[in-house]
Amino acid sequence: MSALSSRDWGNLALCAIALAIAACLPWTAGAYGLSIGVTIAMYTVLATSWALFSGPTHYISLASAAFFGVGTYVTGIGIQYLPYWTLLPIAGVSGAVMAALVGLATLRLSGVYFVIFTLGLAEFVRQIITWSQNISGTKGIYVLTSIGEMHIYWQLLGLAALVWLLGWLIGRSRLGFALRIIGDDEAVARHSGIDTARAKILLFMVPGAVAAITGAMLAPRYVYIEPSLAFSPMLSFQVVIMALLGGTGRLWGPLVGVIPFTFLWEAISVSFPNQTTLLLGVCFLVIVYLLPKGFVGLIDLAARRMRSAEGYV
Amino acid sequence: MDILITGLLLGGTYALIAMGLNLQYGMARIMNLANGEMLVAGGFVAFWLWTGSQISPLLTVFVVAPVAFLLNWLIYLIFLRPLVKRAKSRGQLEVDSILTTFGLSFVAVGLMLAFFGGDYFSYSYLSEPVHILGDTYGANRVAAFLAAVVVCGLLWLWLNRSRAGMTIRAISVAPEAARLVGIDVRRTAALAFALGGAVTATGGALISTFLTLDASTGVIFTLKALVIVIMGGVGDVRGTIVAALLLGLLETFVARLIDPGLTLAAAYLLFVVILLFRPQGLFGRPTT
């Protein structure tokens, strides 16, 4: 790792200021604004951590809902026995362990197997939990805490800051370098002595842990937890769409996708509640055919045009 | 015994669906995740024709198959061929086609929700008892199984005995070499894709005679078909049939002996075991 240049310090300071401004939202926005803020913060965390893994490796993970659901259940069950603050690390560790197991089973194989495996994972865990609830006779779980929207929002912001910091550190580390090579050409990576499976599994543990912690943080918001809510498969697809819409090439890319998509989603689900799946489908097609690099690609293109117009290139 | 036969009957219909996906993924090299929606659409047509004008689902097949063939042909030409053209590597094509077919599947679900609503649909066709070896089964299950056997048999004969079938097998084994011997790979891939869609829709029309479907169940069938195709070996017709029968048996065992809510979990566990021990499929040879 090389020393930080003055530009790095400047960027870090800018990020800190932006975060501080974002943290003031609970005082400036109303209840509705804050609830949108929580949603945006939640998807920012999920999409950014998703892009950390799927961006360089091109493996499309649909496991977010599974990790998220496990996190909500950690809070749901654990809150009766343990203080809230110990639950977040427990959720993180269980998410990471689960991700490592999934990775061990599939990341040595081709991408298609990984997609199918992660697609089925949430449904699998959901069926197991529903079944064990049927046997034990309990239905849902109530999560009654004094944690309000405001606290959830600050926690999510803190987590987002952590994810960005982690992504930035990975980008500067040997692991990040190895991943960029794997993304370009896996055969080359293997021949130059990179343990590709190990690198991928290690990296996959990041979105696993982060999604589980996010789930644990959001459990108090739902109040009542049941399997079909905690493991909603839609969540995985929304995360994928938002991250790809923004672009996975940059650390801040997913954020650019999350904000417009959240507003669009809110607008559609208020006026045409049955058409959200159609919207999701159309977004997928738009990404593949029109925006293969996401909004980040567009921004980069515009920046390049401007520079060449000014005669720098 | 009862469980065995029910499982085999279910597996026979699964074989048909998985065969459709295998034609698309194994031969045309497109991982079609909108496969289940094609199945549900086939089921919808059968439901609609039966409740509307009392046309037997076994005859509906003759309408569903050509329409699905045409529809899938168009999907291939409009959405997938541009991706095949622009893809630099097989991995790139895989990622693009996964995203596109996910998009198509969501669009299909959205459209079906808009036209038919989110209700479950089922109808009773041939729900008379049939006696086999001392136990009774629904006649619709037996009829669907027999129809599936006929379609699978015809497909197998066609793939193995006809020239067109041979070209399809050729592009599945060696797309580059197939071009050298004068096979139009692009046309044949489109043909295989369209045929796969037609087979799946046929399976949907048959399965709707005894299962309850709704607009959003497609993804479950996609998942099952994927598990079967991977277990049987990509591009391997015989393996697909064996794997489908195995899955049918397993699901019936789990549903009867443990809990009907766990069938997908069982299919998924089977998939995990296959991935861990035989990722090349039941009859596949390990690749280096």
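For all residues, glycine too, the Cβ spot is worked out from N, Cα and C.
What TrEMBL records for this protein:
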- B:6-23: transmembrane segment (TRANSMEM)
- B:30-50: transmembrane segment (TRANSMEM)
- B:56-79: transmembrane segment (TRANSMEM)
- B:99-118: transmembrane segment (TRANSMEM)
- B:138-159: transmembrane segment (TRANSMEM)
- B:189-213: transmembrane segment (TRANSMEM)
- B:225-250: transmembrane segment (TRANSMEM)
- B:257-277: transmembrane segment (TRANSMEM)
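Segment contact holds for the transmembrane segment (B:138-159) and the transmembrane segment (B:189-213), given three or more CB pairs below 8 angstroms at sequence separation of 6 or more. The stretch with the most CB contacts under 8 Å to the transmembrane segment (B:30-50), chosen from B:6-23, B:99-118, B:189-213, B:225-250, is B:189-213. Taking residue pairs at least 6 apart in sequence, the transmembrane segment (B:257-277) and the transmembrane segment (B:189-213) share fewer than three C-beta contacts under 8 angstroms.
Through the fold, the transmembrane segment (B:257-277) approaches residues 3, 220, 223-224, 227, 230-231, 246-247, 250-251 of its own chain, all at least 6 residues removed from its boundaries and within a Cβ separation under 8 Å. If one looks beyond the transmembrane segment (B:6-23) by at least 6 residues along the same chain, the residues whose Cβ comes under 8 Å of a Cβ in the stretch are 32, 35, 38-39, 137, 141-142, 144-145, 148-149, 151-152, 155, 168, 192-193, 195-204, 206-207, 221-222, 224-226, 228-229, 232, 234-237, 240-241, 243-253.
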